[in-house]
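This report concerns only the one structure given below.
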Amino acid sequence: MPHVITQSCCNDASCVFACPVNCIHPTPDEPGFATSEMLYIDPVACVDCGACVTACPVSAIAPNTRLDFEQLPFVEINASYYPKRPAGVKLAPTSKLAPVTPAAEVRVRRQPLTVAVVGSGPAAMYAADELLVQQGVQVNVFEKLPTPYGLVRSGVAPDHQNTKRVTRLFDRIAGHRRFRFYLNVEIGKHLGHAELLAHHHAVLYAVGAPDDRRLTIDGMGLPGTGTATELVAWLNGHPDFNDLPVDLSHERVVIIGNGNVALDVARVLAADPHELAATDIADHALSALRNSAVREVVVAARRGPAHSAFTLPELIGLTAGADVVLDPGDHQRVLDDLAIVADPLTRNKLEILSTLGDGSAPARRVGRPRIRLAYRLTPRRVLGQRRAGGVQFSVTGTDELRQLDAGLVLTSIGYRGKPIPDLPFDEQAALVPNDGGRVIDPGTGEPVPGAYVAGWIKRGPTGFIGTNKSCSMQTVQALVADFNDGRLTDPVATPTALDQLVQARQPQAIGCAGWRAIDAAEIARGSADGRVRNKFTDVAEMLAAATSAPKEPLRRRVLARLRDLGQPIVLTVPL
């Protein structure tokens, strides 16, 4: 009964290190790890111990006998990653474990290491976790929104609740006694980089890539145009996108680009609102989908089927739950690519695409929109005068023009980082120049003292949620090495002074207790309607919920004050 990794794999590799026989690959030290779409369990080497199940933060692993029908393709996907061996042959258990990168060891100094982390998404939380392994390290996480966890909260599709379970791990990290949240505090507005450095040894920026790459064709910007990432944020109740004008009163939506985000949007637009009602989808989005007139979602790509940007797990998830079709011309392109492509992963995608119909057969899901995957279409302009009415494409590599009428046109062509005040920025690469996480002055090539980056702002928008774990670990290793070598300046202000500064600049800052109050209130609201949670989508509502949080215990406040004063802390234990 070997175990199987399924669609929601986040690539954080906790399962790799939990496995006693090293049967999960690629491991973080292997070349393919950074670009792998998921991790894979070797069914021949697996000893069925289940250690990986409890280690996985997103519940992506199960015995092969407990898979849902839609998950069955992952049995072969896991197995096909490994060489073919005779059926029934079981490998002997091995004592060779995946190599573990040791945690960065912080040397004791007069002042314990104190780090500010800007951002609260996966890269930020994994960095905090790595730092808190060491005794005495204090981590303060700053987030401009009243709620943490970045794209896990606002960028993962509502119907991917397993993926969102990684927030349980993040909540455990945030519960550490040397961890503090400063939510609803924007760096660059309420506090500056220099002020953070005055209160910390180092500042680690894990702010992601918050902007979209824009498609510069005529008509983009008309009402009825937007980006897929904006729509996902709207679906998830991000307060900055509450009022996003999403017009679903027309029969067709066109999405330009065919990565995973494009598939997420197509899948949700075609989903049954009754099924979505059990998720954490925002109320305004659920209402709009219930009244949607959309009958078709077209996902258009410039290149051919062999160059599809979506991952194999996402394609499997899409075709398992929606009516997905290809035009006859695109079906022939799939067959042509199958005849020449050798890469196993690409062939797996093409084989699934080759099974899709052309839409002439009766719909599998009566009354639901169908999804059409279209290839070799290069967008030329958005049609319409006062609002979008469709898209004009050319067939890639030719002068042939094609037109698709649509009432909503979305682009999904990638994310882009944006400049951070007081730090250098590479406009072309859209990231902060760095060497292994150390921010580098591009003029001199020298490190910027006390400044570090992790996640997408460090490496660009690549990888998956768990990819940020190894990325953040590398940055923390560099930061700790600099601290140990005396290259980081001790903070000149006390923790209490930081609290006072934050309170003066942003009286509505929210701490860990406030976040727990918001979280509990959302879960309670959802529970009343049989939902995972019912999110607050307005900042004022979040702030009101946060005020119900209990005050920090007097004992903890006294201990914090004694630490500020440098007084010894003596605990009396009754005999």
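Cβ atoms are placed via backbone N, Cα and C, with glycine included.
In three-state terms derived from DSSP, Cys15 ([4Fe-4S] cluster 1 binding site) belongs to a helical segment. Per Swiss-Prot, the feature [4Fe-4S] cluster 1 binding site maps to Cys9, Cys15, Cys19.
Under the heading [4Fe-4S] cluster 2 binding site, Swiss-Prot lists Cys46, Cys49, Cys52, Cys56, citing sequence analysis as support. When secondary structure is read from DSSP and collapsed to three states, Cys49 ([4Fe-4S] cluster 2 binding site) falls in the coil class. Cys49 ([4Fe-4S] cluster 2 binding site) has a Cβ environment of 14 other Cβ atoms inside 10 Å.
Summarising the annotation, Swiss-Prot assigns FAD binding site to Ala123, Glu143, Leu151, Ile187, Trp456, Gly463, Phe464, Ile465. Under the three-state DSSP scheme, Leu151 (FAD binding site) falls in the helix class. All protein chains shown were included, and the count of other CB atoms within 10 Å of the CB of Leu151 (FAD binding site) stands at 21.
What Swiss-Prot records for Arg213, Asn258, Gly259, Asn260, Val261, Arg302, Arg303, Glu314, Gly463 is NADP(+) binding site. Note on Val261 (NADP(+) binding site): other Cβ atoms within 10 Å of its Cβ, all shown chains, come to 26.
Per Swiss-Prot, the feature domain '4Fe-4S ferredoxin-type 1' maps to 2-29. Per-residue confidence over the domain '4Fe-4S ferredoxin-type 1' (2-29) averages out at a pLDDT of 94.
Annotated domain '4Fe-4S ferredoxin-type 2' per Swiss-Prot: 37-66, in sequence order, evidence recorded as sequence analysis. Same-chain neighbours of the domain '4Fe-4S ferredoxin-type 2' (37-66): 1-26, 75, 77-79, 81-82, 85, 89-91, 93-94, 162-166, 168-169, 311-313, 345, 464-466, counting only residues six or more beyond its ends whose CB sits under 8 Å from a CB of the stretch.
The feature region 'Ferredoxin--NADP reductase' is assigned by Swiss-Prot to 115-575.
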Quiz item: By the DSSP assignment reduced to helix, strand and coil, which category contains Trp456 (FAD binding site)?
Solution: helix
Quiz prompt | Contact set, same chain, for the domain '4Fe-4S ferredoxin-type 1' (2-29): CB under 8 Å, 6 or more residues outside the stretch | solution = 36, 38-64, 67, 71, 74-75, 78, 81-82, 93-94, 96-101, 126, 160, 162-163, 166, 313-314, 316-317, 463-470
Quiz item: If you skip the near sequence neighbours and keep only those at least six away, which residues in the chain come within under 8 angstroms of Cys46 ([4Fe-4S] cluster 2 binding site), Cβ to Cβ?
Solution: Pro2, His3, Val21, Cys23
Practice problem: Would you list, in sequence order, the residues of this chain other than Cys9, Cys15, Cys19 that have their CB within 8 A of the centroid of the site's CB atoms, where the site is the one recorded for [4Fe-4S] cluster 1? | Solution: Ile5, Ala13, Ser14, Val16, Ala18, Ile24, Leu39, Ile41, Cys52, Ala55, Cys56, Ala60, Ile61
Quiz item: In which DSSP state, out of helix, strand and coil, do we find Val261 (NADP(+) binding site)?
Solution: helix
Quiz item: When the Cα of Cys9 ([4Fe-4S] cluster 1 binding site) is compared with the Cα of each of the binding-site residues Cys52, Gly259, Val261, which one is closest?
Solution: Cys52
Quiz prompt | Environment of Cys46, Cys49, Cys52, Cys56, the listed [4Fe-4S] cluster 2 site - residues of the same chain whose CB lies within 8 A of the CB centroid | solution = His3, Cys15, Ala18, Cys19, Cys23, Ile24, Ile41, Asp48, Gly50, Ala51, Val53, Ala55, Ile61
Quiz prompt | Top Cα neighbour of Cys49 ([4Fe-4S] cluster 2 binding site) in the set of binding-site residues Cys15, Cys19, Trp456 | solution = Cys19
